[in-house]
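Pulled from Swiss-Prot, these are the features on record:
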type: BINDING; residues: GLY58, ALA59, SER60, GLY61, SER62, GLY63, LYS64, SER65; note: ATP binding site
type: DOMAIN; residues: 22-247; note: domain 'ABC transporter'
Amino acid sequence: MNDRSANLSMPSADTVPHPYVLEATGISKSFVQGGLNVTVLNNAQLSVRRGEKLAIVGASGSGKSTLLHVLGGLDDPSAGQVSVMGKPFTRLSERERNDLRNRALGFVYQFHHLLPEFSALDNVAMPLRIRRMSTEAARREALAVLERVGMGHRAKHRPGELSGGERQRVAIARALVTKPACVLADEPTGNLDGGTADTVFNLMLELSQTLETSFVIVTHDPELAGRCDRIMRLRDGVLHEEPPVPV
């Protein structure tokens, strides 16, 4: 392993030791739809340890994406609290929440959301540039992560010149470049063919172990979910722990 890869093994978000990187207690979320109050989340609870891989499964429309948005501070719960690295995420000011989110959380989506006019390198460097890191330093860090996900040789290519699997690898690199404690992934393999999905999922599992980064992964694929440490099913707004899948 080269020096740049070695630097990735020290997550910067672990500034204060805490048993859980992410906790949610009593999370409820309701929407008004057609004049009716629709409850999507009802007293949902979960906790995620450092380096743990948690799969969230459930029927389409059950509220899995809404749950991730609440966990990531992108949406406010109607009730309940989310804590990140032991800090009361949902009680912080918007500025404090944004700062903690940028330091402790990463995001991966089904559609990569890469900026088409920028190279893979500059897409991955973007979160660091937002932190006001110099262009040179940000690109150096970004290249190290791209090499880690097997995309160093494609760093100068734009998203339109990459395959679906390659674009998702770049998206994973972008999520990891800030060395987050936890990555929230919403159907990260849902837009990929079976073989490519398996490769990308294996990459996330490997990075979770080697970097001690937690992953909360929403997926419809029971086989992929079974390779995580734990599975929780969202049903009627409530999270239920699933029994371990036999290996």
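Any Cβ shown, glycine's included, is placed from N, Cα and C.
A map of Swiss-Prot features onto the structure.
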{"residue": "GLY58", "record": "ATP binding site", "CB count, 10 Å": "20"}
{"residue": "ALA59", "record": "ATP binding site", "CB count, 10 Å": "11"}
{"residue": "SER60", "record": "ATP binding site", "CB count, 10 Å": "6"}
{"residue": "GLY61", "record": "ATP binding site", "CB count, 10 Å": "9"}
{"residue": "SER62", "record": "ATP binding site", "CB count, 10 Å": "18"}
{"residue": "GLY63", "record": "ATP binding site", "CB count, 10 Å": "26"}
{"residue": "LYS64", "record": "ATP binding site", "CB count, 10 Å": "24"}
{"residue": "SER65", "record": "ATP binding site", "CB count, 10 Å": "17"}
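Within 8 Å of the centroid of the Cβ atoms of GLY58, ALA59, SER60, GLY61, SER62, GLY63, LYS64, SER65, where the record puts ATP, the same chain has further Cβ atoms from LEU234. As a whole-number mean, the pLDDT of the domain 'ABC transporter' (22-247) in this prediction is 87. Mapped onto three states, the DSSP output places SER60 (ATP binding site) in coil.
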